[in-house]
Amino acid sequence: GQGATGRGQAAGRAMLKPSKKDSLARATTLNLPEADKALLRATTPAVLLGGIGHRMRGSIGGIGHIVESGDDAYAKSFPVDRLDIFLSHSWHTRWYLKYLTLLYFFNAMPAIATTCFVSGICALCLWQPGGLEGESHEDNTHHLTEVWPICQVVGTLTFVATLLSWHHVLAALHWAPTLFLDKVCIHQTDLQLKTRGIQYIGAFLAKSNMMLVTWDGSYFERLWCTYEMSAFRAGNPEGKVRVLPVILGGFTVAYSVATAIADVLLHGFQRLGSLTDPFEIYCASALFHFPMYVLCMRLVVRYINNYIKLKEQLAHFSVRSAKCFCCSCQHVHPDTGAALPCDRVVVNNSIEKWMGLDEFDRMVRGHFMHFVRRSLGGWAKIPYRYAVAASIYPGLWGVDHMAAQSTWSFWLKALWVFDTTFLRHPLIIALVVAAHVRYQLRVQVWINRCLQLSERWKESCTKYLMYITSGLASTVLYYVSLITKKWLMSKGVWKKELLLVLWMVCEAFCVFMFYFQRVLMQDCGIKKGSWVTEEGNPAGLTTLNSRQATQSNRTSLDTGHCVIELGAIPKRLETDSSTAEGCGEQPTVAA
């Protein structure tokens, strides 16, 4: 065992000592030769999301790692001329978080539209116009307590069914976007095909219309993730970048389930006849929502903490300290003992050839946060489609109640349901998340100072106090919105319709500013799709003359394990592990 492992390590080191010429050759390219065009393959969201994220489980390893047998993933892809989406993700991220986030990204809007249509048909079938002409909302309270959750049940089933199957519908109609997933579109059982596929990843990125990044805390720590970012910038500088935090899907599910449980509890108390006064109903609704909001805010706090860490991570980003599978296991496969070629040589040489390692570091440290903010939905830091998907059950609850309300006009009912689904809850989410972004760190520091406890207890108490405070703030916002609409509905027939419209206009403006305010701006005066370095200058492709100057100053460094090509960096290297580039050097944090 130990002797075989030692021989494997020795073979790995011998294999990883290429000459300078060979090392330069081991760099990927942005051009795809005519003879290898068949290597550009794509799959569909049906394969990505099928089997409850089956293809997103596990890992694919580095260049030298192959699957022994039984993997038919490559057969799920097909040759294409161009890609709609290149999915960039870390295999170290939990697969179910990526699955939920991508499921809502591809299917949320069709599911929302289908649910609105089906629940609208149900509401029309249940609606009985008429009623007493002068009957007020308070006099009609008993109708609200007799509501049966038909639209809630039918609408929820429709939403879940559409969410889980829409990608199959698009695949059957041949309307699905073409998608690149490395585990499917690069052969995993043939080492030669896998090596050639990895060699042309840069070319695949250059032929992609959009780069979709599923981000978590490990993304910018992984070597191949940083490589994909640099390749997309070099080969497609005008391409679109979308960043999706993987926690979005989990938050959407948690908020939907939490509000559904609160509404079910409220409906149960109404059926028992213990709640009849409207203010009692609203107070009970807020009370039931409070513990549910506290549970949801746990995900929000974690999300904002990761967002704060992202800014620090980008500010100190260095591709030289990125982690990869081969270096973490000393270039020897942990299961087979076979020698693994070094991914770092390929990645560093490619980035150096395209723009230079330092230039890429400056680009990431500089204006990449601009693309993150664009993708996350402005001040809300959550895309609007996720906020609406999280609010779908409260909207269905409103449909059932409006169908049972016989004294309001059709348009007044429609406005009420629209406000509940598309404005009220998305605005609550936006206000709470935006407050977290601005004040969470300060509140955590203040709570830490106030608590006279040990460090262990102080950390736990601070965390749970943040959850409770955030849940209480969400509950207060929810109760204020209910009371405001109740006050509007207590006015005259024409006044309440006018006041409701004005209230919705104000809500719509706030929702627009929180989720879409970047439409009003010119992206800080930067051309759409451009990349900017930390100095604020557009990071275009390096010119030929500047690359030749860099090549003339290039220094070759032999670390004892492999040859590393360094350009536009100081010849003297720091001795600490954070700047070590050698393949044998361990990353700062173990993979």
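Here the Cβ of each residue, glycine as well, is placed from N, Cα and C on the backbone.
Unlike curated records, TrEMBL annotations are generated automatically.
Here is what TrEMBL records for this protein:
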REGION    1-20  region 'Disordered'
TRANSMEM  102-127  transmembrane segment
TRANSMEM  147-166  transmembrane segment
TRANSMEM  243-267  transmembrane segment
TRANSMEM  279-301  transmembrane segment
TRANSMEM  464-483  transmembrane segment
TRANSMEM  498-516  transmembrane segment
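Across 147-166, 243-267, 279-301, 464-483, stretch 147-166 shows the highest tally of CB pairs under 8 A with the transmembrane segment (102-127). The stretch with the most CB contacts under 8 Å to the transmembrane segment (464-483), chosen from 147-166, 279-301, 498-516, is 279-301. In this chain, the transmembrane segment (279-301) lies apart from the transmembrane segment (498-516): fewer than three C-beta pairs between them fall below 8 angstroms, excluding pairs fewer than 6 positions apart. Remote same-chain partners of the transmembrane segment (243-267), defined as residues 6 or more beyond its termini with a Cβ less than 8 Å from a stretch Cβ, comprise 93-94, 97-105, 108, 147, 149, 152, 156, 212-216, 275, 281, 284-285, 288-289, 292-293, 295-296, 299-300, 302-303, 306-307, 371-372, 375-376, 382-383, 386, 389-394, 397, 425, 429.
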